[in-house]
Structures are given as structure tokens and as C-alpha cells.
Amino acid sequence: MAIKGDVESDLQEGIREPLMRVEKNLADGDGSADGGSSRGGNPWMVYLSTFVAVCGSYEFGCCAGYSSPTQSAIREDLSLSLAEYSVFGSILTLGAMIGAITIGPITDLLGRKGALRVSSAFCVAGWLAIYFSKEAWSLDIGRLANGYGMGAFSYVVPVFIAEIAPKNLRGRLTAINQLMICCGVSVSFIIGVLVSWRALALIGLIPCAVNIFGLFFIPESPRWLAKKGRHKEFEVALQKLRGKDADVSHEAAEIQDYIETLDRLPKAKLLDLFQRRYSRSVIIGVGLMVCQQFGGINGVCFYVSDIFDQAGFSSSIGTITYAILQVVVTGIGAAVMDKAGRKPLILVSASGVVLGCLLTAVSFFLKVHELALTATPILAVTGILVYIGSFSIGMGAVPWVVMSEIFPINIKGQAGSLATLVNWFGAWLCSYTFNYLMSWSSYGTFILYAAINALAILFVILMVPETKGRTLEQIQGAINK
């Protein structure tokens, strides 16, 4: 046991050594060892690669937003009962959980680009099945395939962007993932009112087509290529991403040093995630997903119209305002992430979510006890808008950004799948229980969500490190000590 512990300690020290050399060079004023900020290049290829990847995020939003505007038309055309349509709506989450479980190993095996192609292929198959559907079962198969693609995209897009982006751009580029999801949901909702449900399914193919076509013109993740021992392709990909005039020698050396050290560790299995050397990164990744989902976001998102109705406010005006605010604030959060930092942003966000929950709880408390009835609609809409605005600026995007940064590449597939699965399970559980909780106590529901988000603040303060301005290798070396 002592020998095994010494070996693992030596290996972990080896992981940190390249990072300590870089930090020493920086401290001595050697700007050439910038640990990932290759100089003299043009990041246009990083922007193009990010655009291609976030077409998957937009597709995620299209899938999520499809069922709301199409409900009455699909039920009428195919003579579906409410129960049958409920299965159609909810089976998406089941598909996403399956996608979350399986996409990590697929990403490790086929590469990040290969996983993006698999995700798009499932979504294409899903939309075509929905378009040609004449029975409930084919609708459900299509929706299940869409769900798989959603769950896969939710993992592979932020991981791919984090691995190709320079450290000074990584936060805001990864946060575009969440912004594009919001855009996809909002656009689907608006277009769905104007076109038939079959036409909306065909429109859902467009982001997939852009993604599949665009993948031919962008490089694979250099870190994945290095992990696979494809050193020539690794150097070419890194040079493309940093620009032909960029000096990538120090960034390439740091990545390869780190990969070589990880290769000396045993091949990671699922149970290895619970070993001491990975425990902190797994707790942080999974814990942030729990904080994001169990704070009530999917209950609020799925039933926002009902919340406004119950509070006595116009559901149409409230829902439109909600959708616009969500997109705008998510964009602001993406823009400031690399300046403000991940940890301050999520702390401000979670604090605002607590405030939004409390305002909404007060509104329902007053309504139940018939106190200040004229004030309850304004309090309710203010609470919900504070909730979604605060969530969108940090809690929506930051957990995905941090998840894409903290896992070492040798466990990234398994750990990322676990974190994504927990996220989707939380999404299902929150949306499933929301109506039951509201029947139990409308104001009690939001007090419960406020308490969970208060615990999230404590978790972030105690466990989550700041990752702004550091390379992936530096982040992972510091966490997995």
C-alpha cells in the first residue's frame, strides 16, 4: 500500500512539474512561457471553430423549444391524447440522459469532431422521423433521437471549445454555448407560431447541416490529438488555431508534457473517478450541476406561463419578456466572463436567484392569504424576472464552462458523462416535481428553491476555484493534487 501511494504521489508531482516550470518562468518575467497564450497569431480559426460547434448548442435549443408552440397542432393532426403528447414532450429528457451516459466514451474514441457528427446525425434522424410521423410511436422515436443529440451536444460542445480556445478567450467562447441554447429556444417558440409543426421540424435540420458541413473546415482538438499520440496532426491543428505566424512551441510543450505524465497513470475507468486524486474535480463538476438544476430552473422555465397566470399577471406579456431577458442577460454574462471571472459571476448570479425566489414566494404568500392583492402580480413578475436574469448571467453558463476546464483529459470522458447525466437527471426531477410542489404550497416551493440556492452559494465559496486566465493544464494540476 505504501509503495502504491508513493508511485501515485510521484505521478501527481510529475503532473504539476510542467505547470510549476511555466509559473516560475512567468514569475521571472519570461513572457515566452505563457502557458497557452501563443503570441503573434490571429484567432479567426478559433472563432470559426466555435461558431461551428455552437450550431450544436443552437440545435439543442431548437429541440428543447419545439414542443411548446406545436402542442395543439400535433394533437389535432394526429389525434393524440394529452397523455400521448406528454410522453412525446418528456421522452426528450430520457434521450438526453442516454446521450449524456454514452457521449463521453464516444468523444474519447472518435474525437471531439467525431462526437459532434454523431450528435448531429441523431438530431437529423429525429427531425426526419417527426416530419414523416403519422402515429404517436414514430413521433416518440424522433423525439428520443433528438433528446440523445441534445444530451450529447450539452457535453461535447463546451469541452471542444475549452480545448481549442486560448486562455484569455476560453470563458466567453465557452459561455456562447448557453447563449445559443437560449437563442434556439426563443427562435423556435417564435417561428413555431408562424409555421406548421412539420415545417418547424425541417427548420430544425438547418443547424445540423451547418454543423456537419462546417466540421470539414476546422481542426480537431489539439489536446485530443496529443492524447492519441498523433503528434504531427497535433502541431498542425494547434498552429491553425493560433495562426500561421504564432509561436506555439511553449504551449505545445506544456500540453505534451502534461499528456505524457497522464499517460503514465493507469487507464481511467468509471470507478476511478472516486479515487482521491480526482475527487475534488468530480465533486466540483457534479456539485455545480446539482446547484444549477435543483435550484428550480426547469420548473420555472417549463411552467412560466402557469406561474404568471397563478399570480394574476398576463402570461403572454410575461413569457415574451422572460424570453427576451434570458437571451440578453446570457449574452452579457458571456461577454464579461473572462473579465469578471467564473467564481464572482456565479456568486452574484446565485445571490440574485435567491432574491428572485424570495420575491416570488412573498407574492404567492400574499395571494394565498389575500393580502395586498394589487401588489402580488407585480411582485410575482419582478421575482421571476430577477430569477431568470440572475440565473442567465452566471448559473446557466458557468457550471458548463468550469466542467469543461477542470477534468484531466484521461478522465474527461467518464467524468464529463457523469456530470452531464446528473444535470439531465436534475432537469427531469425538477420539471417532474414542480407541479406537485406548487400544489403542496406555492410560496413554500420558492422558499425551498431559495434555500437550495443559498446552499449553492456556500458550495461555490468553499469548493470552486477561480479558473480565469489559467491554462487547462494549470487548472487541472492545481485541483487534482
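Heads up, the Cβ atoms here are built off N, Cα and C, so glycines get one too.
Marked as domain 'Major facilitator superfamily (MFS) profile' by TrEMBL: 45-468.
If you look up TrEMBL, you'll see 87-107 (among others) marked as transmembrane segment.
Outside the transmembrane segment (114-133) by six or more residues, the chain places 52-53, 56, 59, 63, 78, 99, 103, 106-107, 139, 141-150, 152-153, 156-157, 160, 198, 201-202, 204-205, 208, 211-212, 215 with a CB less than 8 A from a CB of the stretch. Among the features that TrEMBL reports, transmembrane segment is placed at 114-133 (among others).
Taken from TrEMBL, the feature transmembrane segment applies to 145-164 (among others).
For the transmembrane segment (176-194), the residues of the chain that approach it from at least six positions outside its boundaries are 50, 53-55, 57-66, 68-70, 157-158, 161, 200, 203-204, 207, 323-324, 326-327, 330-331, 333-334, 392, 396-397, 400, judged by C-beta separation under 8 angstroms. Residues or ranges marked as transmembrane segment by TrEMBL: 176-194 (among others).
Within the chain, the transmembrane segment (200-218) has long-range Cβ neighbours (under 8 A, six or more residues past its boundaries) at 45, 48-49, 51-53, 55-56, 58-59, 62-63, 66, 69-70, 113, 116-117, 120-121, 123-124, 127-128, 130-131, 142, 146, 184, 188, 191-192. Positions annotated as transmembrane segment by TrEMBL: 200-218 (among others).
The transmembrane segment feature in TrEMBL is assigned to 282-305 (among others).
Here TrEMBL flags 317-337 (among others) as transmembrane segment.
Residues or ranges marked as transmembrane segment by TrEMBL: 344-366 (among others).
Per TrEMBL, transmembrane segment is recorded for 378-403 (among others).
Summarising the annotation, TrEMBL assigns transmembrane segment to 415-434 (among others). Among residues of the same chain six or more beyond the transmembrane segment (415-434), those with a C-beta under 8 A of the stretch's C-beta atoms are 90, 93-94, 96-97, 100-105, 107, 151, 154-155, 159, 270, 273, 278, 281-282, 285-286, 288-290, 292-294, 296-300, 302-303, 399, 403-404, 407, 445.
Here TrEMBL flags 446-464 (among others) as transmembrane segment.
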